[in-house]
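Working notes for the structure below.
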Amino acid sequence: MSLHFLYYCSEPTLDVKIAFCQGFDKQVDVSYIAKHYNMSKSKVDNQFYSVEVGDSTFTVLKRYQNLKPIGSGAQGIVCAAYDAVLDRNVAIKKLSRPFQNQTHAKRAYRELVLMKCVNHKNIISLLNVFTPQKTLEEFQDVYLVMELMDANLCQVIQMELDHERMSYLLYQMLCGIKHLHSAGIIHRDLKPSNIVVKSDCTLKILDFGLARTAGTSFMMTPYVVTRYYRAPEVILGMGYKENVDIWSVGCIMGEMVRHKILFPGRDYIDQWNKVIEQLGTPCPEFMKKLQPTVRNYVENRPKYAGLTFPKLFPDSLFPADSEHNKLKASQARDLLSKMLVIDPAKRISVDDALQHPYINVWYDPAEVEAPPPQIYDKQLDEREHTIEEWKELIYKEVMNSEEKTKNGVVKGQPSPSGAAVNSSESLPPSSSVNDISSMSTDQTLASDTDSSLEASAGPLGCCR
């Protein structure tokens, strides 16, 4: 189906048919909703029931009905469900064995804290969090409730996007990243399966299980993101800062243009070779920044001149130029050339990317300059605790959220007429989601990803 731009420099739309999960950003009075739907607060807040979902048992509040599995990963299982209180479809993620070890427990705590703090239209936020257990001693399950979205970027990448849609999707990615960076949060796991969209072209970034608050130490484990989207400084163990996420955006943008992964390495060595074959061997100045053993290996690899960006991304790969004089192949290619830079010191920043001509046609100060999230646990990534201590911290977070819900305020709102997901309709029988904490594209290696259900998408088009 051919795509066309509905309104000149208005927000474009997508016609997508897959359900995915994301977050809410509004508030609504629980007591009002409970009254509206003839539900008492006790029924809304306190009654649970159990249902078998695949190989797992979900014990959820009775407000959540018609559970259907839509994804699984190392950190949990995701179900689609109907929320009778908010009168809309939602996604429920059950964390998988969050207290199995210190790493799992710390990751669960970090994900929960960051999701509760972040509040931006292009980033996931929690609608609800609960546990069926009533005491700390019994506590073992954590459920996160989020909005159900229409598709992830894996499906969208395979479509023929015009410049308006491509530019607008990239703009929203950058807005979300800037919001995280404003609080010193590095995402580190940006990839198509962790970015979701609605048919109105709204985009949201998923997953904070691997996000990190920026601190004094940047020498972190390199195994933090699906290999194909890992920045060179991660591959080479150099340590990294915020613009590590910009490389990932560049890889995603390049994949939108080529409809295939840019650097599909089998391992770190092959990944590095794929990068330098296309972009060229970096200069001696960059080599000096490497650790001696890594530098010795890199300097002894064959030298590549690399290809020019017009050869890497010729005009024939891009859609026809837009009527807008900034949305054309030459500008898109220029942005790619600034993001896909091996040396992070020379790579474009998120602020400069938002000001790039291919992106700034959408610039809205309210979206770009939104107040940074208030991370109340400043030592989030420096904390070290026993499993029992992590468990107690998570339990307190869950109890705090449940108390706020009982007091009458929860995130979310009933679906308006004409919403992207019509809650009056039944849930899709075979929808698919990439788990917001650990899932990735089909082409990744088994060591980097977990299983996901079969995904399919309808054609992209314009929704009225």
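Glycine is treated like the rest: Cβ placed from N, Cα and C.
Looking up Tyr223, Tyr358, Tyr363 in Swiss-Prot, the residue bearing an annotation of phosphotyrosine is Tyr223. Other Cβ atoms within 10 Å of the Cβ of Ser72 (ATP binding site) number 25 in total over all chains. Distance noted between the C-alpha atoms of Ile70 (ATP binding site) and Asp189 (active site, proton acceptor) is 21 Å. Spacing of Gly76 (ATP binding site) relative to Asp189 (active site, proton acceptor) is 16 Å (Cα to Cα, whole number). Confidence over the domain 'Protein kinase' (64-359), given as mean pLDDT on the 0 to 100 scale, stands at 89.
Of all Cβ atoms in the shown protein chains, 29 besides its own fall within 10 Å of the Cβ of Ile70 (ATP binding site). Counting every protein chain shown, the Cβ of Val78 (ATP binding site) has 29 other Cβ atoms within 10 Å. Of the recorded residues, Asp189 (active site, proton acceptor) and Val78 (ATP binding site) place their C-alpha atoms 18 Å from one another.
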